[in-house]
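The structure under discussion appears below in the form of structure tokens.
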Amino acid sequence: MGNESSSNVVDEKTHPSVLEKRTIEAVAKYVLEKDVRRIVVMVGAGISTSAGIPDFRSPDTGIYSNLAYLDLPDPEAVFDISFFRENPKPFYTLAREIAPGRYRPTIAHSFIKLLYDKGRLLKHFSQNIDCLERLAGVPGEMIVEAHGSFATQRCIDCKADYPGDQMKAAIAAGEVPHCQQCNGLVKPDIVFFGEALPSDFFDSRDLPEQADLCIVMGTSLTVQPFASLPQFCRDGVPRVLINMERVGGLGSRPDDVLVLGDCDTGVRRLARALGWEEELEALWEATNLPEECGAQTAEATPLRTREEKLQEEVERLTEEVDRTLGISQEYEKRVRQQLGGPVAGTADRADRTNPANNSESSHAGETSTDRLAHVFPHLARTTREGRPEKA
Ligand code: CNA
């Protein structure tokens, strides 16, 4: 194993020992000429950001910078098992946003599927919980989900499995599911702070040592023990980092290649150099209709933008308020009937025949959001301008 700490400086002039040059083109040549078939891929949240799922640590856009609305003691508490035991609600509020079913894999996910299809993938190590590699078609047994995922779920006390369809319904409703056997809290098999990593991770930890190429993408390599995986690759085995920033001491070995920038551009460059660009684009195109986390879904959900999601939420709230108003009108009608006074619904209908009193015309041009402005002023401002308004 190489000594990562000996140099943290990228020396572009250092002559590589295996590659012709420290370029992506030289990596492609190495793969094709040496018929490289044991590629390990190691990824993090950065391969999913272009799908619309924020990473943790990017300033401003990362999840940790945007959790104020959950009123947590600190952002990491949302993934802390002790905090979850006390208050699971913030996790389930966030889960509604990041759970599978809403996001399409990125072309970087499809690149991993392409490596698999070509018989060149030894193992895919992911820190992500979003299941997007499964959705891109990478078989579950090729993936080590080092931090777990939304693919399965169980009771945190008696460990009984919980049905996937009920979990999906609970997440969609923002509700906290409880165990059908002991009434304990149920949580997806995502590894929280304070929990052990899956045994699969430890069972597969020696695979990087057998690899003949390592590709690291979209990770800050700050979370251990995952962050040490690239160090297990043998000296002389090329390691490629495709990331916005340099991380984890990659670049310090003579055959390390840094491709700094976004993952999608990086994998397109690599695919082009390999002559696989068209196949990659075709594979990615095939992911256009999302399915649920490796499971079969009867109907594909169209992808929704943030504005569409907001509009849907507003419509749901409007329906809820309308239903509540309907119930109270019905109640008022019954009370008035019992007291022998005018009936509310009838008076309302009669008034509407007079244009001066026509409440519909007075709302002309308003959206459902505007009508709710007195109830949810923040939502009204949000949808009109397409972004939340600061107080
Ligand atoms: P991180 O610490 O947030 O780092 C992300 C890294 O990716 C940073 O170095 C960014 O600069 C880089 N990056 C962001 N966007 C791009 C992009 N488009 N192209 C290239 N690079 C990019 O995330 P890590 O994965 O390193 O941290 C491990 C945590 C994150 C794990 O515990 C995960 O469970 C957790 N996480 C997962 C998801 C997900 O499943 N999609 C989302 C957010 C966090």
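Residue 1 is the first one shown; counting continues down the chain.
Yeah, the Cβs are placed from backbone N, Cα and C, and that goes for glycine too.
Taken residue by residue with DSSP, His147 (active site, proton acceptor) is part of neither helix nor strand, so it is coil. For His147 (active site, proton acceptor), the Cβ neighbour count at a 10 Å cut-off comes to 21, with all displayed protein chains included. Annotated active site, proton acceptor per TrEMBL: His147, in sequence order.
Non-local neighbourhood of Ser48 (NAD(+) binding site): Asp55, Tyr103, Thr106, His109, Asn128, Asp130, Leu132, Gly218, each in the same chain, at least six residues away, with C-beta under 8 Å from its C-beta. In the three-state DSSP classification, Ser48 (NAD(+) binding site) falls within coil. As annotated by TrEMBL, NAD(+) binding site applies to 45-49, 55-57, 127-130, 219-220, 243-245, Cys263.
Under the heading Zn(2+) binding site, TrEMBL lists Cys155, Cys158, Cys179, Cys182. Residues within less than 8 Å, Cβ to Cβ, of Cys182 (Zn(2+) binding site) and separated from it by at least 6 positions along the same chain comprise Cys155, Asp157, Cys158, Ala160. According to DSSP, Cys182 (Zn(2+) binding site) sits in a coil region rather than a helix or strand.
The compositional bias 'Polar residues' annotation in TrEMBL covers 354-367.
Feature annotation from TrEMBL assigns compositional bias 'Basic and acidic residues' to 382-391.
Among the features that TrEMBL reports, domain 'Deacetylase sirtuin-type' is placed at 17-277.
Annotation source TrEMBL lists region 'Disordered' at 332-391.
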Residue with minimal Cβ packing [other Cβ atoms within 10 Å] among the binding-site residues Ala45, Asn128, Cys155, Thr219, Met244: Met244
Between Ala45 (NAD(+) binding site) and Cys179 (Zn(2+) binding site), the C-alpha gap once rounded to whole angstrom: 30
Coarse DSSP state, helix versus strand versus coil, of Asn128 (NAD(+) binding site): coil
Recorded positions whose CB lies under 6 angstroms from ligand 1, from Ser48, Phe56, His147, Cys158, Met244: Ser48, Phe56, His147, Met244
Listed in sequence order, residues not in Cys155, Cys158, Cys179, Cys182 with Cβ within 8 Å of the centre of the Zn(2+) site Cβ atoms: Ile156, Asp157, Lys159, Ala160, Gln180, Gln181, Asn183, Gly184, Val186
In the chain carrying Cys179 (Zn(2+) binding site), residues 6 or more apart in sequence that have Cβ under 8 angstroms from it: Cys155, Asp157, Cys158, Ala160, Tyr162, Leu185, Val186
Spatial separation of His147 (active site, proton acceptor) from Phe56 (NAD(+) binding site) - C-alpha basis, Å: 14
